[in-house]
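Participant: The structure follows.
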Amino acid sequence: MVLLRLLVFLFAPVVSDLCSLPCFINVSESQGPGTVLQFLSFNCSSYTPTPTLELLNVQPPTTFFNPPSLARWQGTYVGKLTLSSSAQLDALMVNHYKVQLKFTCGNHVMEGSLSVDVQRDLSHIQCAGQFASPAGEMIQVPETVTPGARLYTLLLPGLELHGAQMSIISAQDLPHFPGPFSINEQGWLQAPSQGLLGQAQKVFQLQISVSFGQRQSCQGMVIVKVLPVPSSQVSFLEQAQNITIPENLAPGSEVVQVQARGVDLRYEILSPVPSPLFSIGRADGVVRTTTPLELARTSGTAVSRLQVKAFEQGQLWASAKLNLTMNVQLVNLWPPRCLPALLVSQIPETAPVGTVLNTLTCEDPDSVGATLDYKLWFRSSSNPASLCLYDRVLEVNATLDCDTPGACFQHAASILVLDGGQPQMTTEVPVLVMVTPINEFSPACAPRTFRVQEDAAPHTLLGSVVGTDMDYPHDNIEYYTSGGPTTFAVDRLSGEVHLLGPLDYEQQRLYRLTVLVIDHGQDQNPNHHLSGSCTITIEVEDVNDHAPECEPPFQELTIYAPLGRSVEVTKMSCQIPQEPQRLIYSYSIVGGNSQNRFILQGAILVHSDLVLGPFWPEQPRTYELLICVADAGPSTPHLSTTATIIVHLVPRRASTVATSTHRTTVPSTMTPMLVTDTEAFWQPQPWFVVVLTATGALLLLALGWLLGRLLQGLAQLLQAPSKPAQALLLNSIQGTEGSIEGFLEAPKMEMSQAPSSVMSLHFDGRAQDSRTGRDYLFNTHTGARRWL
């Protein structure tokens, strides 16, 4: 019978702890296909998708187990694990299987292992194999075998633990036998004490009886064939080997492959028999494990000594022996465990060297109290000297100043914890150190001087104030003005200085503006700001924006100039009232100086007749001179004004008195008047022009279409006139004779529609219209009329 155990696993909604899975179940080797090995009960509140139970793998690999089934019964999911159709359990071959299962309930997944131990079945023990067959088990031994040597080992699985009794029941009488063969309780068939020399080619049949339990026995036959001295030699390259293997080798794992020299060799383990931990491949000599080698659970497995025999197939006397020592080494199964599993620290960048960030506590589950090794490994490219690890304490090793180029606000590292086991196990503890910025330095800006012309337009860019801040992020500052004139403004982000209002060089030539720079975003406290200031000087450059004015602007002079002499006519007095400091002007005659009789010497107008000769006028003459007065100097642009001087020149014959000048000036109150003519014009929006153009085009198209239709109808009427149409026209004329409109339009209609047939009508009467008094002719038959 199979031992069935119902294990209930409580889930929320699935089992949350893998340790609740069963550890071991026992099954008899006599169980065959379809045998139920285990029922598993699961609670799952998820119905979509349907819960599943899967078989992930089996160690050692085998096909003896069916995929588990899962069914719902009374609100609980019951899984069932059974043996497959190929199952042939044999405790001597493999007595332990590890089945890995996986249960899925919705998004929750649980994996666990089930250990299956195969148990021997005493009722299944019997003589089997060639030994129990009618032909028996044949062995071949050389005649040189040592007297009393072990020739054969009778293996009856399971009987070694139940005191089986073995004896040879066949006759061994002389002279057919050199001496009696013997067999002990361990199943060792031994050669006669006399040896087998001289018994070559002889065959000895030995009937062996095996008794065990209460009245249980079986019989078999061993046939010993004695062979002559072998012609070949079997040997190993070395007589002994020491092999070290880890304890975590799975059953069936290869340990070592032994090789001997010889022909058609076979291998077997001579001792211990049976071998509980190892087996050897008969043909390939590969030594494998048959059971887990866990030192903590199985005593006596640390060191195992095996004796391996290599022999030729068919010539058992041609053999050699090899001693193997198996050293099972303790395996380091668990890495160190550390608390906390993640180190996260936050410190200001001004933290001093030696500040303790965190302390790590670790232990080795495989060896409590063992010494562990700690190493600090940096993940990021930040300065590795910023942090250090003293034993288990993480400290600040160097300044964490983050004002230098390169981000240093986060240090990612790992602490590697290594144990001293084999293989060496390592635990990695992630370390994340976040450095918070501190606003340490006040921003600053350098004084600047900007120059701007007084005619600069508003919003003109004068320059930029450049502020600096040593805190990271660098130069993350804002600009403000502290008092000062409102004529200028500073951009808050860029520091650009713009002109807001008009300037006048004559009123103010120098401005001083205090700019305040404030940093932001450089401290974990958003309200912690530092500030600085600097003075900006703005110099206004003069621009020539006023034309000169002459006093008086108009003069009328009469001069008497003798022949051959130059006469000073007048000296002009011009200045710019708004700029009294400007004293340099240029003067030029731009009109009225016919024959070049006048010249300017600075501001003095001079009449010169040195070059006149015979062209001296006989009669007095008047000259209207236009004098252009412009400001001079480096200021641009140069502005000018025009003064008018009327000179009445009296020739030398006109008077005999001394030369004199008569001045007539325009009073200063009579200043030129500046007339501004503003011409108003209408400039429509572009969309209005487009709409108006489209509307006009559509209107022209409509008028053209209408005109075409009228012309077409008129042409048809003129080309094909009919009498009914003419009569209708005449009747319409008669119907409107009482109205003024009919009176006015009737002649036109008669004239426009006067075909030959109408014009040739005979009018036999004449009458006068009672309303209008006009005379008309009429036809008494047709009623047609013709106005006179």
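Every residue gets a Cβ built from N, Cα and C, even glycine.
Heads up, here are the entries from Swiss-Prot:
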DOMAIN    237-338  domain 'Cadherin 1'
DOMAIN    339-449  domain 'Cadherin 2'
DOMAIN    444-554  domain 'Cadherin 3'
DOMAIN    551-674  domain 'Cadherin 4'
CARBOHYD  N242  N-linked glycosylation site
SIGNAL    1-16  signal peptide
TOPO_DOM  708-788  topological domain 'Cytoplasmic'
TRANSMEM  687-707  transmembrane segment
Participant: Tell me, by DSSP, whether N242 (N-linked glycosylation site) is helix, strand or coil?
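Facilitator: Once the DSSP labels are grouped into three classes, N242 (N-linked glycosylation site) ends up as strand.
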Participant: What is the total of other Cβ atoms whose distance to the Cβ of N242 (N-linked glycosylation site) is within 10 Å?
Facilitator: 10
Participant: How many of the residues that make up the domain 'Cadherin 1' (237-338) does DSSP mark as helix, as strand and as coil?
Facilitator: 0 helix, 54 strand, 48 coil
Participant: Within the domain 'Cadherin 2' (339-449), count helix residues (DSSP H, G, I), strand residues (E, B) and coil residues, in that order.
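Facilitator: Here the numbers are 3 helix, 52 strand, 56 coil.
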